[in-house]
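First comes the structure, then the notes that go with it.
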Amino acid sequence: MTTPLSSYSTTVTNHHPTFSFESLNSISSNNSTRNNQSNSVNSLLYFNSSGSSMVSSSSDAAPTSISTTTTSTTSMTDASANADNQQVYTITEEDSINDINRKEQNSFSIQPNQTPTMLPTSSYTLQRPPGLHEYTSSISSISSTSSNSTSAPVSPALINYSPKHSRKPNSLNLNRNMKNLSLNLHDSTNGYTSPLPKSTNSNQPRGNFIMDSPSKKSTPVNRIGNNNGNDYINATLLQTPSITQTPTMPPPLSLAQGPPSSVGSESVYKFPLISNACLNYSAGDSDSEVESISMKQAAKNTIIPPMAPPFALQSKSSPLSTPPRLHSPLGVDRGLPISMSPIQSSLNQKFNNITLQTPLNSSFSINNDEATNFNNKNNKNNNNNSTATTTITNTILSTPQNVRYNSKKFHPPEELQESTSINAYPNGPKNVLNNLIYLYSDPAQGKIDINKFDLVINVAKECDNMSLQYMNQVPNQREYVYIPWSHNSNISKDLFQITNKIDQFFTNGRKILIHCQCGVSRSACVVVAFYMKKFQLGVNEAYELLKNGDQKYIDACDRICPNMNLIFELMEFGDKLNNNEISTQQLLMNSPPTINL
């Protein structure tokens, strides 16, 4: 008899057993009255284990059916040629399938109080975590570290990917091949919904913990104990609790000092008080200062300082940091305290190393009588110990720029600049050298006759040019020179011409008047420049000579105060006198504020 292939395939399909979670749940519900410890997941896992052996046994029992199925699906010609044999094989296959159904029912018939032991619970391929019906997070739970193969709970989201032959019932290392995965075990993504029942062992749940979570309701967390003391913790514990209030800081510890407490007490140990006599500080010192020096004072009482050096016997500070005191060159240092007095201006300052002698090749000279008068006056002042401050010696200076420059002396007051209200010369023009050269302010304000002088030099742009009022002008005999300077003019370029003119008239014994608006700045710089060129002096020496004067030959002009710009011009003029390659102006541009001249 010939049987079509389609009918054969229908026969096999109708008799092939189907396995699903619904059938598994029905089997589990029928057996739940007899066995309280079994559940749907255990039945499923036990079925997977028995199914493996069942497939192997069915393969041994009916190899003909498998080969027949393969032959019938791959070769249609053989199926039509052996129609009689197909009927016999179909009957044999139906018997084999009936056998499989009977073995399946027997395998799921679990006796009461009996737990399947074919596979350890730690090697389940799929496991339903406890109490996760409302679990929506994908965070993996805590892994179990127990080594018990029969009763140790296994953390959810652990799947065994090891080969089947290594899944031994009594494996000592359960977590060797486990991988911690993040699974979303929501009800909509799983085929089973029955939760695992609570363990019926003697250990009771430790308690319910309620934590604030971002959700609207507080979810109780059940901690289920087991035989080994390991717990399941609900995954809601992993959620960040909402902060309802700012935690308050504990009260600060009291810092009040008191007697030291006993060793066994829990209070903070406090150091004993140190008396003021040991600390050597006044009662008005702050507490912070007392605490900062307490340890230093304790070390100081036990350390003997080294012996003080001879020069620091009277010092109150550290003997190692006291420099030796300099002795005066006059030998007046007797260990007495040195009284420091402010530097007095005008007549109390001494001016040394000034000479009226000029080099032999110099084009300028003075009369021998004048030099003798300077020397005699100097000797008279030294013998009488007078208060005159100008001392002239016969030492010729090698350079006019060998003094230290102090900028504070030359800072001019603002009221002395461009001010006509100041009268620096109430008694008329000042004699600045041998009654031949005179310094004065604006002659138009002083009501003096300029025709009494042979040379009149006006260096102020504010003063009127009185050349028309100057009578009988003769070159090199009677002249009026007008140079309109301001307080910021570059006067160094004109000083050579002016000083040469002054020296020419001075050598011939003619009277010279030098003036500006006030007679204390621009005209004073002309006189200082003449001193520098005539006597080969530096800026400081020439300035001090004009300011302090000499009782007989030079009147003291203590009101002079040229500004800094004019002082720099005088320094520039001094560099040109000495033929210096680097000018003072260039030096000041690249030098610190304090310089040595």
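Think of each number as a place in line: the chain as shown, counted from 1.
For all residues, glycine too, the Cβ spot is worked out from N, Cα and C.
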Next item on the list: Check each of the ranges 55-89, 300-334, 335-369 against Swiss-Prot and return the one annotated as region 'Disordered'.
Entry: 55-89
Notebook entry, point to check: Per DSSP, Cys516 (active site, phosphocysteine intermediate) is which: helix, strand or coil?
Noted result: coil
Margin query: Taking only the residues in the domain 'Tyrosine-protein phosphatase' (428-579), give me the average pLDDT of this model.
Written below: 93
Margin query: With every protein chain in view, what's the tally of Cβ atoms within 10 Å of the Cβ of Cys516 (active site, phosphocysteine intermediate), excluding that atom itself?
Written below: 26
